[in-house]
Amino acid sequence: MRRRRKLEHKTYKLNIESFSHEGRGIAHFEDKIIFVSDALPGELVIANRTFSCAKFEEADAKEILKPADNRMKPKCDVFGICGGCSFQNLSSEDQIQIKSRWLKKVFARQAKVEPETWLKSLQFQSWGYRRKARLGIRYVAKKDKVLIGFRERKSSFITNMSRCEVLHPSIGEHLEVLANCIERLSIKSSIPQFEVVISESGIALILRHLESLSVKDEKILADCAQELNITFYTQSGGLDSVKPLDEPTILTYSHSNYNIIMEFLPTDFVQVNFKLNQQMVSLAVELLELNESDKVIDLFCGLGNFTLPIARYAKYVVGIEGDLGLVERAKYNAEKNSINNVDFYRSDLCKEVVGFEWFKGKTYNKALIDPSRSGAIEIVELLPKLGVTRLVYVSCNPATLARDTLKLIKLGFTLETAGVIDMFPQTSHVESIALFVKR
């Protein structure tokens, strides 16, 4: 991480020439590249420098002298301060175009390839979509006030938010109620964060606390839970310390196209955008072109988000996941949904796997990969040994997707099609999906 030293005050007058993938304007000044927050291509701005190194500088736009025609008024009154969003000054269409251009650029630059066709970008609602988030909490003693929000941009401070426009409204519209609740606790200065998940069947909120809650504190939380129709979970240490304050709530999301209901725990990884997740899974199933003779392997399968819908059409599916708890819940969800042609195994896919039962002597003609941001270079190299000829790759990092694409091409695969999944509207985060075929 770069160390940020104190800078002499410097103000620029800049013409913004283009846009970076993370949502900053790009300008040039005295042979240096300047990355400018809150500035759009075509704008003339006054900007204050915030960072400097040999190759580039960073700045914040303080005055827009000539706004771009496509500049939008942000919906949120803390946009530009809060680090949660970076694209609220752009329309949904412009956001998609920027993300699509970035994906194309990364493919061309790193993998020296372009897909034979481009998929239409997947998108749904732009606001109130986010069903899982971690927000910071800070008690300000001088004001006797609790702040709840995402971290400020380029800062560890908590944004003072009364509402959040991207969070699902069942929580996003009630941050003040939560703040008022925490202000009444005896340990309000020892609560650094909460994590919330808004499922289709209930809401769970995990409250991290560094001191023990009193009986009175628990009563305050119980009253707040009743008011907001949520279930509080407390967390005094690691993940194994998470426990419900009262009766646990059953958390679910559905794949209605496949008659599947998924149950999960509040600490489990799930996609934050349920509606777009349904679209993404349907697209993946479509791209796999499944039939009753297919044997499919789903790598980094998690709860079985893709595995179980795939099993509705394939002969047999194997899901591989490194987290034992997720493997156990994937098995539970398969049984609960009466899906019998699937097996799940625990394996660390970043380590040697050739000796495992699901690998040794086994073949699969189709595969799905949905790795973390670090990508799947280790497992990609093994796909030919498994007999895979058709692969759907779901990515949350275009850079590692492009790196793995280069390896797949060397292994004889062709990049048939790819496109953007706008899982996180109003942010610069780029999810994508790609189809590879080995002839």
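Glycine residues also receive a Cβ, built from the backbone N, Cα and C atoms like all the rest.
Per Swiss-Prot, the feature active site, nucleophile maps to Cys396; the stated evidence is sequence analysis. If you look up Swiss-Prot, you'll see Cys76, Cys82, Cys85, Cys164 marked as [4Fe-4S] cluster binding site, on the strength of sequence analysis. The S-adenosyl-L-methionine binding site annotation in Swiss-Prot covers Gln271, Phe300, Asn305, Glu321, Asp348, Asp370. According to Swiss-Prot, the feature domain 'TRAM' maps to 5-63.
Where Swiss-Prot records a feature, it is marked here on the structure.
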| residue | record | CB count, 10 Å |
| --- | --- | --- |
| Cys76 | [4Fe-4S] cluster binding site | 19 |
| Cys82 | [4Fe-4S] cluster binding site | 21 |
| Cys85 | [4Fe-4S] cluster binding site | 24 |
| Cys164 | [4Fe-4S] cluster binding site | 27 |
| Gln271 | S-adenosyl-L-methionine binding site | 20 |
| Phe300 | S-adenosyl-L-methionine binding site | 21 |
| Asn305 | S-adenosyl-L-methionine binding site | 28 |
| Glu321 | S-adenosyl-L-methionine binding site | 26 |
| Asp370 | S-adenosyl-L-methionine binding site | 21 |
| Cys396 | active site, nucleophile | 19 |
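Mapped onto three states, the DSSP output places Glu321 (S-adenosyl-L-methionine binding site) in strand. Of the candidate binding-site residues, Cys85, Cys164, Gln271, Glu321, the one lying closest to Cys396 (active site, nucleophile) when CA atoms are compared is Gln271. Using a 10 Å radius centred on the Cβ of Asp348 (S-adenosyl-L-methionine binding site) and all shown protein chains, the other Cβ atoms total 13.
Distance noted between the C-alpha atoms of Asn305 (S-adenosyl-L-methionine binding site) and Cys85 ([4Fe-4S] cluster binding site) is 26 Å. Under the DSSP three-state reduction, Cys82 ([4Fe-4S] cluster binding site) is assigned to strand. Note on proximity: among Cys76, Cys82, Cys85, Cys164, the binding-site residues of the record, the Cα nearest Asp348 (S-adenosyl-L-methionine binding site) is that of Cys85. Shown in sequence order, Val78, Phe79, Gly84, Gln88, Phe150, Thr159, Met161, Glu165, Val166, Gln426 are the same-chain residues outside Cys76, Cys82, Cys85, Cys164 whose Cβ sits within 8 Å of the Cβ centre of the [4Fe-4S] cluster site.
Confidence for the domain 'TRAM' (5-63), expressed as mean pLDDT, is 90.
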